[in-house]
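So the structure is just underneath, and the comments pick up after that.
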């Protein structure tokens, strides 16, 4: 019991604050998992994953694939678990934006709902500008890889993508660049931020009630929406509890130890039981942050991870389409070791294009553009986004 208490107290759930390096390291680990997942879950054999919908055989396939070839265990493990890095970003996004809002509220003795919307608007503008950088790099990549510029359909799809509604349109998940669906979700979460701020600074019963209502709604509409071609766990209805949790923790508020360890205890069931699946995102993130509390000192001292965390949004924006040339070759070869060589080549390419994207953003100073100002003409300083340029603020 004493060890569990110590584990709880060392975690963010027990009141430990996430410092700048903590945030950077968590983002680095999350984006590396995401990139590895997006590569290996396309490589044969396909174990599957419970990313947005429960698959009865996926976890069993993962275990059987590891048992059949232990030396290739990384492939099925990251295929099944890697996508949960997205949910770490959802929590960190709520955490970072809440920290910024609280800083403004502290300096000026409060913050209005209008200013909260202005903050959200600036974050959304930053996401739009990020896509401009991403599209620029993708055009260059396509010119180098395919010997020509994208056709008109590419640009038409990009304009449709900028509505940030692909996760709400039946059958359009992954409409433009497949991995960019997350930006639609996070933009929608930003639009809800004024509401989330009031919940996180208000009654615990109110916040818990809204979280439970959201979870109940996701549970109730999961199958009907799935049948209609909409993934409820790619929408705010399914992910609001995580975004709210990030804001709640940023406000210095705790989650009861019974809730924390209860979510951790049901983790195995979330992989094999369709009813418990609906708790999987909260459960995995809970366990991840508990584990981070154990290894915090060593991980936060890693210069590579801190640096990678600062590059995370550019890794995210470029990596999706860079895999499509190499994966068919990997699947045709069907050699375990070639798959890993190809993966390291892919990641090298990803880092190079991510550095190019960051260079473009710095030279053009795109992220200095802040369209909304505080009431009275005072400009809102940028809050850290879900995938920030650099970890410059505590709790970013």
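Each residue, glycine too, has its Cβ placed from N, Cα and C.
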- Note on the structure: Range annotated transmembrane segment in TrEMBL (choices 42-60, 61-79, 80-98) is 80-98
- Item | Candidate ranges 255-271, 374-390 [criterion: TrEMBL lists as transmembrane segment] | 255-271
- Task: Identify the transmembrane segment range according to TrEMBL, selecting from 102-122, 228-248.
- Result: 228-248
- Thinking of Cβ pairs under 8 Å, which stretch from 127-149, 228-248, 337-357 has the most of them with the transmembrane segment (24-40)? 337-357
- Summarise the model's confidence over the domain 'Acyltransferase 3' (25-347) as a mean pLDDT value. 95
